[in-house]
C-alpha cells in the first residue's frame, strides 16, 4: 500500500476514534441536559484549574492536591496534617468538591437521638455529665420503657427523621441481659417503621453484635473521641484499644460503623489529625463520622473549656470529607451554638448529616423549627 | 489491503490518539512535581452534573450557567433563575466561576476617601450627604492636597492597592479649579504606584479624557438599583444620565466601576434588573461594588431593615456567574457582617473590599479586624494591576462590537 493511503487510513482511524468519543460525550451530554435548558458546563477540569492556580504563583494547597475523591486507606499523618492546615477558603472549596463527587449536594440526613438510659455511668469520660464520677445536674435514671422509646421513634419519623439513634450510658452490657433484650426488641420495632436504627451502648462482644445485626440494626456508634495520644487525658476507665476492638466487632458483624469524636477538649491540632488518621486508616472507612463540638457542662472536669470556633469545625469537617470521601459527616453535639451562616460553612465543607429534635443525650440541640427554616434558607 | 491490516492500522491510529491522552497525564505529573505526588479530581463539571442528575435533582440555574465565559446577551429570566438557585448551589458555583479567572485566595484591598463631603444637590434617598435631608453630615469644602496625599500614602503603607476618592457632587460644572486639583491628585497618587479611582458624579468627554491622561485607573458611577426602582430612590438624576456617564468613562478608556445598593426596599426583580443592565453593557464593568444599605438617620430610608447575608450571597454569586472576570467588591455595609458571613461572601465570588476605618460617611470594619480575618481565612492581598483589566480588553462581545467607536482599549 502506498504511504499516503496508510496515513489517510490512520487519520481516518483517529477521526473515527475522536468522533466516537466526542459524539458519545455530546450525546450523553444532550441526554442529561434534556431536562434543563440548553446549558454549557464548565469543562475546565480540576487539573486545568490547578494549573491556573499555579499560574498565579501559588503552590497548590494540600486540600487541593488531595481532593480527588477516591477512597484511600493508607493516609499518612503528615498528609492529613497538611490538608488540615490548608487555607480555610481552600478547605471549604475542596471539601465541597469531594462531597459533590459522591453525594447529592443539597441533601442532609436528619437523625434523631434519644437517651434511653441516662446518667449513673461507671466510666469517667471528662466531657460527660452522665459519669457518676462527676457531680452534675444529670441524675441517674433507669432505662426508658418500650412505650416511651417507640413513641419517640414514631414522633421522629413523623418529623422527617430517617435515622433513630438510641444511646445508653453504660460501659458495656455485662449483666444487663434483660435490658439488652429489650433494646434488641426496640431495634426490630423501629426498623419495622422503615427508619434506620442506630445504637450506642458501650463496648460489645461478638454475640451481642450478632444479635443486634439480626434484629436489623443499621449502624452502631462507638466514638474514638480523640487521638490515641490525648485519649488518656480524657478517659482512664476504658482504653483506646478497647474502643478499636468494639469497632472491629461491629464491622465484622456487618453493622455499619459510626465513629467520630469531640473537639474542644483541650487537644491540639495534632490530636485532631491523629483521630482522623485512625479513622481513615481502618480496614474500612466508617459509614459515618460524628463531629462534636464540646459543650462544656458544669460539674465535669472540662467545664471551663473555651467554646469551639467555627473555623476549627470547618477544618475538621473538610479534612474528614477529603480523607473519607464516601463517609457521612455528621454535625452532632454543639451545633446549637452555631449560627446559620456558620452551619452553612460546615455544610459547604462537606458535612451532610445533623441531629434534629430539641435534645441530644444531655445537651440541647437546635430548635426543630429553626432547622426547618435553615433547610429552607439554604435550599 | 487485507481487512486484517486495515484493522491493525486503525488500532495503531487509535493507539496514537490515546498516546495523546498519556501526554496529558504526564503533563499532569509535570506540574504536580512541586507538590507531593497528587492526583487531581479529573471529574469535570459535566460528569459532576451527570451525577447530580443521577440523584434525581434537576441542575440549578447556577450550575447550568457556571461556565465562566463572558456573555453580554444575558436575558433577565436567566439571571433571575440563577439568583433564585439554592444558596448552597450559588456558593459552590460562584466559587467555581471565580476560580476559573482569579486566584482564589486573593482579595483586593481598596481605600476610600471622601474628598468633598456633604452639601450635595442630588436627592438620593440612601445618602446622608444630600442637602435635602437633615442628617449628622455637615457640608464641607474639598480637602486640600496635603490631606489627600497623606491619606493615600497611609493607605499604601497599610497595604491598599487602590485609592478611591469620592466627592459629593452632581457633576463638575463650575468646579474647574477643584477638578484641576483632583487631576493633580490622580497624577500624584498614580505615581505612588497605586491604582487610582474617582467618583465625582456625572462627567463629560473632556473631563473623562483629562482624568485618563492623568493616569486614572477606574471611575465609579453606580447604577444603584434597577431602572424600574430607580425613580423611587433618586429624582434629580435619571438612569439614562448614569448610563451615559458610564459610556463616556468606557469610551475614554477608563475602567468602569459600577454597582449598586441592596436593601433600599427593592424586590429581587430589581436586583436582577440591575445585574442585567450591568452584564449586558458593551463590556462588563471592571468592578461591581455591592453595597448593603446602612440606614442613616435623617434619610428617607432610615427605617429600612438590615440586609441579610443570604441576600448578599445571592447578589454576589449571581454577579460573579454572569460577569466572570469582573471584580466583585464588598463595599458599604460589610461592617455589619461577621467573619463567617464574610467568608460566605468570598466563597460566592467577592474578591475586593475597602479597608480603613471609614467609607464615605459610614463606618467600615476595623483595619486590624480585617487583617485578622485575612489571616483566619488564608486570604492574601491582591497585587495592583496597571494593565488594562480583562473586562475592558477582552472582546466585548462575540461580534467584536465595542461601542461603535474606533479606538484602542489601551
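Including glycine, each Cβ sits where the backbone N, Cα and C put it.
Going through A:100, A:321, A:330, A:335 against TrEMBL, the one listed in the [2Fe-2S] cluster site together with A:165, A:198, A:258 turns out to be A:330. Using a 10 Å radius centred on the Cβ of residue A:165 ([2Fe-2S] cluster binding site) and all shown protein chains, the other Cβ atoms total 27. The separation of residue A:121 ([4Fe-4S] cluster binding site) from residue A:198 ([2Fe-2S] cluster binding site), Cα to Cα, is 20 Å. Taking the C-alpha positions, the distance from residue A:121 ([4Fe-4S] cluster binding site) to residue A:258 ([2Fe-2S] cluster binding site) comes to 21 Å.
Cα of residue A:125 ([4Fe-4S] cluster binding site) to Cα of residue A:165 ([2Fe-2S] cluster binding site): a span of 20 Å.
Those residues of the chain, other than A:121, A:125, A:128, with a C-beta within 8 angstroms of the mean position of the [4Fe-4S] cluster site C-beta atoms are A:123, A:124, A:127, A:129, A:130, A:131, A:169, A:235. The two recorded residues, residue A:330 ([2Fe-2S] cluster binding site) and residue A:128 ([4Fe-4S] cluster binding site), show a Cα separation of 19 Å. Between the alpha carbons (Cα) of residue A:165 ([2Fe-2S] cluster binding site) and residue A:128 ([4Fe-4S] cluster binding site) lies a span of roughly 18 Å.
Between the CA atoms of residue A:128 ([4Fe-4S] cluster binding site) and residue A:258 ([2Fe-2S] cluster binding site) there is a gap of 19 Å, rounded to the nearest whole number. Excluding A:165, A:198, A:258, A:330 themselves, the residues of that chain whose CB lies within 8 A of the CB mean position for the [2Fe-2S] cluster site are, in sequence, A:111, A:113, A:163, A:200, A:219, A:221, A:288, A:290. When the neighbouring Cβ atoms lying within 10 Å are counted for each of the binding-site residues (A:121, A:125, A:128, A:198, A:258), the highest count belongs to A:258.
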